[in-house]
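In what follows, a structure is listed as structure tokens, so that the remarks can point back to it.
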Amino acid sequence: MSNANDSAKSRSTDVKYLVTQEGFSEEIQQSNLFHKFNAKVPARFVLYFLSCSGFLVSFMMRNDINIALVAMTAKNSTRLTEIFQTNESATLSSALASGDTFDWSPTVKSVIGGSFFVCYVLSQVVGGVAAQHFGTKHVFGWSQFATAFGSLCIPFAADLHYSVVIAIRCIQGFASGLTWPAMYAVVGYWIPLSERSRFMSSFQGFSIGIGLTYVICGFIIDNFSWRYAFFTTGSLGMLWCFLWYMLAYNTPHEHPRITDEELEYIEMNIGVEVKESVGMKVPWKCIFTSLPVWAISITTFGRIWIHYVFIFYGPSFMTNILKFPFQANGFLSGMPFICSYLSSVVFCCIADKMVLKEVMSLTNIRKLFTAFSQIIPGILIFSIGYINNIVVLLIIWFIAVTYITASYAGAMANIVDIAPNLAGQVLAFCQTIHMSASFLSPLAGGFIVTSEGSIEEWRILFGTSSVIAIVTYSIYQIYGTATIQKWNYLSTSNSNSSEENNILNNKDTEDNIPIDV
């Protein structure tokens, strides 16, 4: 408590008051106004808003090209001829007449989509190291700025050559890969343990971002031009960067507007935790050789694979097979992702209730919800290629996308279960493995679906994705566990923490048997 008071006093002495009595009174009045405002809007809430909106904007900038590519290469689509014949979209007709589309093959399009994620995977560990040395404010802020600037440049790059677009997407991918580790790094300094689960929900802003991308960009493309889709997402990114640099700070001590009460509350609740975590040697060898960690990585690879089939190829399937115009395409592609944010909250609440009521062991709860996120979507995506009723197909599509989010009550939450003290490092390792599916999935799809109007080729893509999702889950079924790993413990853990962990471990192992799915 004394440290908090001392830091508050040191910050107040840094304020340069005016020499005149009038100026001094004015400064005091402004200070009181800031105090009243901050008392109602805690700095932690502002950080939550910045985190949620940051991931939302980040995923808008990384996914805008998925639906834009359909319009950018529209002259290769059989749907385009039908649009012109029925005169449904004068904008697209004039766009083709003015040479605003490109003759890019499905393979080139898949490389453009996948290039982002190749570099995204490579920068995961870099993000954690960079945040440690430069702070989350600079790493997260500059990564968002680079991504936003890239979005603004893509329309001009496309006019030069598709290889320039690929280069820009690589830069965007590397920059975006820094965001997750950077935000994980700041949580320990700002958020008390009792609030961390709620704060982590801010990371789910990406689901809303994916959905909004398709809805907004679909409307813009249908009524204006695909170029304005990139200008819109890039401009939103720049606006967010301005808010971030005005409002975000690495630690509570650096924040000039935080109240003394909030600073004292944070210090009292996270001071010991941060001190214990700092300086702990990360047992990388143990992480690399841990079967539970590999089980999480492999099963999540399958989930990401099937997820990115919906994200990257969804708009193309709806245009070329289902024959939807771009505005309807954007709405139907995006709504399941917007709703998936809500479904993830529901799944997590149900899982927490099951843990509280001891319905089954924590290990089996994680396996159950991981099965929901992969087995059900795996079966449903296989059936999509054989459904002729468009209403039934869309319902199946919607259910599959929303069930994928059950993973946040399953394997993704399991990272914290097995290594609560090293969750950030385990996450970086797992993401390096499973996020490779985010570029392998579009790349494989580009080789499988060479004729986008062929339902037979789409069936092969959906069938392949189904097998990958189900097979990778089987690894988690065998090796997955919620038991805290021995290498997780700090060398100076207090007795209470050890007792707590032992109770959890004993409770879990009582019923630590595979579930039947």
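In case you wondered, yes, glycine gets a Cβ from its N, Cα and C as well.
Here is what TrEMBL records for this protein:
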- 496-506: compositional bias 'Low complexity' (COMPBIAS)
- 46-484: domain 'Major facilitator superfamily (MFS) profile' (DOMAIN)
- 496-517: region 'Disordered' (REGION)
- 45-62: transmembrane segment (TRANSMEM)
- 111-132: transmembrane segment (TRANSMEM)
- 139-158: transmembrane segment (TRANSMEM)
- 164-191: transmembrane segment (TRANSMEM)
- 203-221: transmembrane segment (TRANSMEM)
- 227-247: transmembrane segment (TRANSMEM)
- 291-314: transmembrane segment (TRANSMEM)
- 334-356: transmembrane segment (TRANSMEM)
- 368-387: transmembrane segment (TRANSMEM)
- 393-414: transmembrane segment (TRANSMEM)
- 426-448: transmembrane segment (TRANSMEM)
- 460-479: transmembrane segment (TRANSMEM)
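When Cβ-Cβ distances below 8 Å are used as the criterion, the transmembrane segment (368-387) is approached by residues 299, 302-303, 306, 309-310, 347, 351, 360, 393, 396-397, 399-401, 403-407, 409-411, 414, 455, 458-459, 462-463, 465-467, 469-470, 472-473, 476-477, 480, 515, 517 of the same chain, each at least six residues removed from its ends. Highest Cβ pair count under 8 Å relative to the transmembrane segment (111-132), across stretches 45-62, 291-314, 426-448, 460-479: 426-448. Same-chain residues lying 6+ beyond the ends of the transmembrane segment (334-356) with a Cβ under 8 Å from its Cβ atoms: 201, 204-205, 207-208, 210-215, 218, 310-311, 362, 365, 369, 372, 397-398, 401-406, 408-410, 413. Contact between the transmembrane segment (460-479) and the transmembrane segment (164-191) is absent: fewer than three CB pairs lie under 8 Å, with pairs separated by 6 or more positions in sequence. The transmembrane segment (291-314) and the transmembrane segment (45-62) are not in contact, since fewer than 3 Cβ pairs between them lie under 8 Å (pairs 6 or more apart in sequence).
The average per-residue pLDDT of the prediction over the domain 'Major facilitator superfamily (MFS) profile' (46-484) is 82, rounded to a whole number.
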